[in-house]
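Pulled from TrEMBL:
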BINDING   E48, E83, E124, Q158  Fe cation binding site
DOMAIN    31-176  domain 'Ferritin-like diiron'
SIGNAL    1-20  signal peptide
Amino acid sequence: MARFSLLSAILLHLVVVSMQQGDDETLDIRQRFGSSSVSMINDQIQREFNAMYLYESMASYFGRPSVGLPGFKKFLKKAANKERERAHKLIDYLNMRGGHVRLKPITFEWFSAFDAAETALGAEKNITQELYRLRDRADMESDPHLVDFIESEFLTEQVTSIRDLRELIARLNKAGSGLGELIVDKELN
């Protein structure tokens, strides 16, 4: 009995020390899941939340009575929800593989539907580029699970998002500001 108590106390101490130090490497679930992948996934989570926050902020702007573009608001709320879902997929994946999520603060501003669409396109291009980097890193670290996760859950959706934003920018360019924005807004609603 005394042996069991001593062994239990030692194991409990090791677990507590490991948790205090944030040592994920000792967890069995972190097999073939390097710290550089964990760091890159955390960066990607931040990019997804940045895009979500950007879209939420834009939707709020276009939903103002003084701006009155409910179609843009609806389009951007939908985009924000997609980004939020993607961030949560990454968080769930990171937790499943034994990593720690680290979040940072966010802020943005813009001034027209065209500016908002171009800002969103830039954000989506950046997200796509970083997803490719993450996939390449996982491939270099022989982590086929992460490679498959990124390819199957994110990359096709990114291509579609970029295409949709490019089409929106083209329509805004053709329509012009003022009444043109209102027409495009009605199409989005």
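From the backbone N, Cα and C atoms, a Cβ is placed for every residue, glycine too.
In this view, E83 (Fe cation binding site) is surrounded by 24 other Cβ atoms within 10 Å of its Cβ, with every protein chain counted. Averaged across the domain 'Ferritin-like diiron' (31-176), pLDDT for the predicted model comes to 91. Residue counts for the domain 'Ferritin-like diiron' (31-176) under DSSP, split into helix (H, G, I), strand (E, B) and coil, are 116 helix, 0 strand, 30 coil. Proximity of E48 (Fe cation binding site) to non-local residues of its own chain (separation of 6 or more, Cβ distance below 8 Å) is seen for E83, R84, R86, A87, L90, I127, given in sequence order. Ranking the binding-site residues E124, Q158 by other CB atoms within 10 A of the CB puts Q158 at the bottom. Apart from E48, E83, E124, Q158, the Fe cation site neighbourhood in this chain, defined by C-beta within 8 angstroms of the site C-beta centre, holds R47, A51, K82, R86, A123, I127, T128, F154, E157, S161.
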